[in-house]
There are 2 protein chains.
Amino acid sequence: MKAAAPLKVGIAGLGTVGGGVLRLLETQAELLEARCGRRIIVTAVSARDRTKDRGTDLSAVRWYDDASVMATDPDLDVVVELVGGSDGIAKRTVEAAFAHGRHVVTANKALLAHHGAALALAAEEKGLTLAYEAAVAGGIPAIKGLREGLAGNNIREVHGILNGTCNYILTEMRTTGREFAEVLADAQKLGYAEADPSFDIDGIDAAHKLAVLTGVAFGVTVDFAAVHVEGIRHISSLDIEYAQELGYRIRLLGIARRTDQGIEQRVHPCMVPIGSPIGATDGVFNAVVADGDFVDKVVLVGRGAGAGPTASAVVADLLDIARGRSTPTFGVPAGRLASLVASPIDRRKGRYYVRLMVVDRPGVIADIAASLRDQNVSMEAFLQRGRAPGEAVPVVLTTHDTEEAAMQRALALIGGLDAVLEPPRMIRIEDF
Amino acid sequence: MKAAAPLKVGIAGLGTVGGGVLRLLETQAELLEARCGRRIIVTAVSARDRTKDRGTDLSAVRWYDDASVMATDPDLDVVVELVGGSDGIAKRTVEAAFAHGRHVVTANKALLAHHGAALALAAEEKGLTLAYEAAVAGGIPAIKGLREGLAGNNIREVHGILNGTCNYILTEMRTTGREFAEVLADAQKLGYAEADPSFDIDGIDAAHKLAVLTGVAFGVTVDFAAVHVEGIRHISSLDIEYAQELGYRIRLLGIARRTDQGIEQRVHPCMVPIGSPIGATDGVFNAVVADGDFVDKVVLVGRGAGAGPTASAVVADLLDIARGRSTPTFGVPAGRLASLVASPIDRRKGRYYVRLMVVDRPGVIADIAASLRDQNVSMEAFLQRGRAPGEAVPVVLTTHDTEEAAMQRALALIGGLDAVLEPPRMIRIEDF
């Protein structure tokens, strides 16, 4: 068999992930060639610092200061975009790559969440690939699993732990009993959380990934604006203790669910059964669960970040391109993607956990129960540990299935009671 | 865009899985066409009973009594082999398909375990696909995940729960406290176990699947004969209780591990930590864990059998073929597969659980401890519940890491002691 031409790759961004990709392509060169029938070589790079030691010889590689200029290099087959950010240089680089006939591999969830539909069309018009396995759930082959492995199914729901930083913080809070702020500060010192952690802890990163997963799972145009997003800043160690007592773990989940009203997309803290796959996934790990009409539930768990796992996902995309394996960006041709009809969070149906700080005096519980009853919310369990007449005590309750709008009205009533001292804390329960 | 020609499929075997494939292709026809750009149509079938109602109209389809004759039908692109069995009609059908230029999709692990290397070569010589997602772990996209999703990694180990019948039986034994024979009889009544259950409970089915996974994971020729196989007949409810006490679950696992001596392949009952992904996978579910040098551990869990999940896997393979996505059968070209250098079970390194029935009298434990010491086996824990001087009592011990050969010698010594009344029961511990 005659040797096929090598696949020529330009890498934009040589940070942690870019360095991992360089290392993987170098150390596994022989294996990769066996798998795809040709060599994969890096011929161009773009990075801020040319002098930094990246553990690999880049002297023969063409350097560019501007990644979007690199994308126009005539001697490239694929541009790997690892710059990040929903707009600016990352977007310009990807657009330039398509305009010049190069495939794109990216780890950029923000870009896809905001411009996924338009970029998929741009790729398709030129017969090019836009691949992004690394953008969702790091090393877990979630996009391939969903888009190809489960392609015979109508997906009913996809949900998962999509942000390792939040899962690490929540796990640490549980195992050490410490509060959020303290654990976050430690995570920052250890490099598990960014100096500005808001993208992670406010749920935005998970929402970017969920929006992309939703597009793939349901064959709809990515619609980040339709994602309801809450983060984990308000979770207290008290909630984590109560969760344990009730048989649950608290996770920040992304959930996309097909309902009669449309597609729900939401990112928020959830209580999930301790023994469920999601409940059992501690620490920095990610998990993705897809529920298909023929296959039922499939669970994928692995590392959601880090140089090695992310490089593994980037290189899987490169191997697909090198072998000529192509799949429409979001599973079906961009022109056939349906518009996403969003079902708002108000229509969410399910159970709720509520924690209140109340004055311990007769009649308080009756008032709370009446507020729930008035909104047709049915209480399932109620828990007050200890007594402290006249003083503030925490009280916890869970509900049977109810609609979010009714729950919110009940919470407004409860929050307005004299004896309720702080805004009620609510966490949705998901019994996967 | 002009419509591509439909993909013409012949199905050999219309049992549970074949019926599921027909139903999936019919109900999801539009979705599948959107995903692969062409229609997938069944033009020929082969089954014993033409009159049976399979819930779909087969009047326009060409019927064959002999599947291997169907495979020569000139108007077919793909033969789906769902007959089963390592030889006979299944093998003849697949060979005929390749000889006549048809791709093959099969759910037949026995065929692949015994003839995988030869069939991969036969397919490759003609530029055809041999696809078998459904052969391992049912609906879980394990083959695609490993062969494409993790293709950038050197795999260090792959292990998993590969037989749902065994996992169901072991789970039932734990949750009901009943013994193996009783639970098996119930499982047979419920259809979870075959009338002749030996393929499942003696570990042969799991060993077939492990041999295939080993080929894919390590790029070696499938070598079923090199798999060490033990089943679950000897597991007693007492072992399951002790496992729980020690923090473990008992699972029948398939494990393939790269070691300095070669590749270990073994199927046997294991104790695994309760909180591990494998420990948390109860009931009929399967789980596959792959450990790659860049990605670290990736866990895939889902239904390992049944019409829907298996059909989902078969159709995923059909979609790959319909879109022209091709991958070498075992990840690298058949001619480049290395011969498997087998590391025998004697060289297994790890911890052990041993249960003994001994006469409760002074000196017995000292004799057992001396037998272990004489073989350089270091005891980690020892457990005797209650006392019954002069009578038979169960005694349980666990060891630190040791080599299987030493453990076997120690067990022979212990089994020969006067006070040891029954052959020692040993279960390997795997601390994943």
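Placement of Cβ uses the backbone N, Cα and C atoms for every residue, glycine included.
Because TrEMBL annotations are produced automatically, they should be read as predictions rather than curated entries.
Predicted, not measured: the structure shown is a model, and the values here were computed from it.
Feature annotation from TrEMBL assigns NADP(+) binding site to A:A12, A:G13, A:L14, A:G15, A:T16, A:V17, A:G18, A:G19. As annotated by TrEMBL, NADPH binding site applies to A:K109. Residues annotated as L-homoserine binding site in TrEMBL: A:E194. Here TrEMBL flags A:K209 as active site, proton donor. Taken from TrEMBL, the feature domain 'ACT' applies to A:353-428.
This view paints the features noted in TrEMBL onto the structure.
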{"residue": "A:G13", "record": "NADP(+) binding site", "Cβ neighbours (10 Å)": "25"}
{"residue": "A:L14", "record": "NADP(+) binding site", "Cβ neighbours (10 Å)": "23"}
{"residue": "A:G15", "record": "NADP(+) binding site", "Cβ neighbours (10 Å)": "15"}
{"residue": "A:T16", "record": "NADP(+) binding site", "Cβ neighbours (10 Å)": "16"}
{"residue": "A:V17", "record": "NADP(+) binding site", "Cβ neighbours (10 Å)": "25"}
{"residue": "A:G18", "record": "NADP(+) binding site", "Cβ neighbours (10 Å)": "25"}
{"residue": "A:G19", "record": "NADP(+) binding site", "Cβ neighbours (10 Å)": "21"}
{"residue": "A:K109", "record": "NADPH binding site", "Cβ neighbours (10 Å)": "28"}
{"residue": "A:E194", "record": "L-homoserine binding site", "Cβ neighbours (10 Å)": "14"}
{"residue": "A:K209", "record": "active site, proton donor", "Cβ neighbours (10 Å)": "27"}
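Across the fold, the C-alpha of A:G19 (NADP(+) binding site) and the C-alpha of the residue listed as 'active site, proton donor' stand 23 Å from each other. Note: the NADP(+) site is recorded as A:A12, A:G13, A:L14, A:G15, A:T16, A:V17, A:G18, A:G19; in the same chain, A:I11, A:G20, A:V21, A:A47, A:L82 also have Cβ atoms within 8 Å of that site's Cβ centroid. Over all protein chains present, the Cβ of A:A12 (NADP(+) binding site) has 28 other Cβ atoms lying within 10 Å. According to DSSP, the secondary structure content of the domain 'ACT' (A:353-428) in residues is 23 helix, 27 strand, 26 coil. Distance between Cα atoms for A:K109 (NADPH binding site) and the residue listed as 'active site, proton donor': 6 Å, as a whole number. Note: the Cα of A:G18 (NADP(+) binding site) and the Cα of the residue listed as 'active site, proton donor' are spaced 20 Å from each other.
According to DSSP, A:A12 (NADP(+) binding site) sits within a strand segment.
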